[in-house]
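First the structure, in the form of C-alpha cells, and then the observations on it.
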Amino acid sequence: MIEADRLVSADSSGAEEAVDRAIRPKLLAEYVGQPQVRSQMEIFIQAAKLRGDALDHLLIFGPPGLGKTTLANIVANEMGVNLRTTSGPVLEKAGDLAAMLTNLEPHDVLFIDEIHRLSPVVEEVLYPAMEDYQLDIMIGEGPAARSIKIDLPPFTLIGATTRAGSLTSPLRDRFGIVQRLEFYQIPDLQHIVSRSARHMGLEMSDEGALEVARRSRGTPRIANRLLRRVRDFAEVRHDGSISADIAAQALDMLNVDAEGFDYMDRKLLLAVIDKFFGGPVGLDNLAAAIGEERETIEDVLEPYLIQQGFLQRTPRGRMATVRAWNHFGITPPEMP
C-alpha cells in the first residue's frame, strides 16, 4: 500500500497542490483555526512592520496537511514581500542555496519545505546567512582556494517540517519564532469546508459541511479532497447540492467511515481485535496478519489511530482500546 493512494492520506499530489492553492486564505484575517499561532503571528508581523525590519526566522512544524505552506504564504502577503519557495531535497549543493539567497530582495521570505532533509553541506552555508546575513563562498580549488563573504539583504527564512526532532540543534536554535500546528477542531474544519465549497461554486448546507469535516481526520487537506469527491457524487447521483445525507452517502461509498477511517485503518484494528483478541500483538505478527510492511504500520497507519485513542502501543505490543471495540459494535472482553 502506498500512502499517497489513500483518500485519507495527508500527503499532497502536484495536481492537488495547484487546486488547493486557489482556495487558500491569503491573509491572517482569513486564516481559520490554530488560534494561538494566529494571535502570536499577528503580533510578530505587526511589530516587524512597525520597526521596518524583516520578520525573525520562522520554523513551522506539525503533521502533513495542516497548512504550513499556507502560513508561509500568509506571512509573505502580510509583510508585503516576495515569497521564494524550495525544499530540502532540491537544495543538493551549496551553490543551489547561494543562488536563491543572492536573488532575494530586502525582507523577502525564503520558504524551505522539508527543511529536515537539507544536506550538512547546505546547512553549513545557511548558518551565517541566517545569523549575519552573510554568505561565505569558496573560490577556486586546492591551495589557491579562498573564501569570500557576500552581504545579503535582511530576509526571513521559513522552514517547514513534519519531523522537528530530525533538525540539528544548530539549525533549530537559529529560528527566532517556532510554531507548532495542531490537528484542527471539527467546527474549524466545517468553516474551511464551507469556505472551499463557496470558492468552488457549490450549494452546500452547514450540515453537509459538518459531515465532511467529521470525517477529515482533523486535516484541511483531507477535508478539501473529500469535498471534491463528494461534489462528484452529488453532481452525478443528485442535483449537485450537498446535504448531510448526500455527503454521508458519498463518503460511505468511498469507504471513509464516521471516524475518518478507511479500509486499511479498519483492517488493522479488526486484525488486532479478531486475530489477536485485542492484543497485545507484536509488530511483526501484526504486519504479517494484514500483509503490510512494519514501516507502513509504524509511519502511516498507527499515528492517527493512536492519536485518536483507538490503538495503544505498549512494551508488549499493540492493543486495541475499548473505543476500538465499540467502533465495530463488538463487546470488549472482561478485564481480569
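The backbone N, Cα and C atoms fix where each Cβ goes, and this holds for glycine too.
The feature region 'Large ATPase domain (RuvB-L)' is assigned by Swiss-Prot to 4-184, with sequence analysis given as support.
Counting every protein chain shown, 17 other Cβ atoms lie within 10 Å of the Cβ of Tyr133 (ATP binding site). Feature annotation from Swiss-Prot assigns ATP binding site to Ile23, Arg24, Gly65, Lys68, Thr69, Thr70, Glu131, Asp132, Tyr133, Arg174, Tyr184, Arg221.
Look at Swiss-Prot and you will find Thr69 tagged as Mg(2+) binding site. Listed in sequence order, the residues of the same chain lying 6 or more apart from Thr69 (ATP binding site) and placing their CB within less than 8 Å of its CB are Thr85, Phe111, Asp113, Ala160. Reduced to three states, the DSSP call for Thr69 (ATP binding site) is helix.
Positions annotated as region 'Small ATPAse domain (RuvB-S)' by Swiss-Prot, on the basis of sequence analysis: 185-255. The residues of the region 'Small ATPAse domain (RuvB-S)' (185-255), classed with DSSP into helix (H, G, I), strand (E, B) and coil, number 51 helix, 2 strand, 18 coil.
The region 'Head domain (RuvB-H)' annotation in Swiss-Prot covers 258-336.
For Arg294 (DNA binding site), the same-chain residues 6+ apart in sequence whose C-beta sits under 8 angstroms from its C-beta are Leu283, Asp284, Ala287. For Arg294, Arg313, Arg318, the entry in Swiss-Prot reads DNA binding site, with the evidence type sequence analysis.
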Mean predicted confidence [pLDDT] for the region 'Small ATPAse domain (RuvB-S)' (185-255): 96
Residues Arg294, Arg313, Arg318 [recorded DNA binders]: greatest CA to CA distance in Å: 14
All-chain count of other Cβ atoms within 10 Å of Ile23 (ATP binding site): 16
Sparsest Cβ surroundings (other CB atoms within 10 Å) among the binding-site residues Arg313, Arg318: Arg313
